[in-house]
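Over in Swiss-Prot, the protein carries these features:
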- 1-273: topological domain 'Cytoplasmic' (TOPO_DOM)
- 274-294: transmembrane segment (TRANSMEM)
- 295-300: topological domain 'Periplasmic' (TOPO_DOM)
- 301-321: transmembrane segment (TRANSMEM)
- 322-327: topological domain 'Cytoplasmic' (TOPO_DOM)
């Protein structure tokens, strides 16, 4: 392939444009730089910015279908080989476990041995790890190692998020053992996060496995082995997600049972109270509607004696319920 001039990659509103120095570091792209396989260029764009969108639509450095894909709508993770290059769509975890599980942040990239063009709309936090290593001189040295490092960082963020969800499930299980029911919607949010993760991470694992098996000329055998390790690590995370989804289903049944038992206890308590006060209610009603006059109304101890009789009746009913083991 012919070398690319740095002036062809100068975009005013690019997020950044770096040239890998081949020793683990980077330097800003200059107009007189010559971009080749030994010193590839990483161009990171926000495809909603006007200059970046215009460059993507007009540059002859990218195939037509690649230009459309880099500025297109979000899709599930996938990889398409185009000659010696690859068009890749990946997903990154950006939020915390307290946030609603919006669609994971999408990053699209096209790369060959000379050029790496990545696009996004929202910030991809995992790229900060790779950028930090490059600025310290400990980063990738070529396109193949760059792709491995990016996929590794994405998997690290996904694994950390899955671990946080797993810890929350453990805490929730401990609370349920103590008969503590979580707030309404808590378990639904947790389950939704797991399902969204499963939806996007499963094809992303397949992307990693595909990259490990593709004989791309700018990836070495060692890099392909590392990519396979990353795919297997994400696969273990998916197994953990499946386990967590099953556990949330069990917890949902447990919460329903706890709520049903709580309602049954309240209903039972109200029934017992009705049984205790039913005789006294009957007596007071009977005395109150006596058309011939309330018995004992002319005796000064009549009301006191009636109250004492009610206490005896209530006590007798309570004793009978206790003896019958209803209380």
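Yeah, the Cβs are placed from backbone N, Cα and C, and that goes for glycine too.
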Going along the chain, which residues at least six beyond the ends of the topological domain 'Cytoplasmic' (322-327) come within the CB cut-off of under 8 Å? 272
The DSSP breakdown of the topological domain 'Cytoplasmic' (322-327) into helix, strand and coil residues is 2 helix, 0 strand, 4 coil
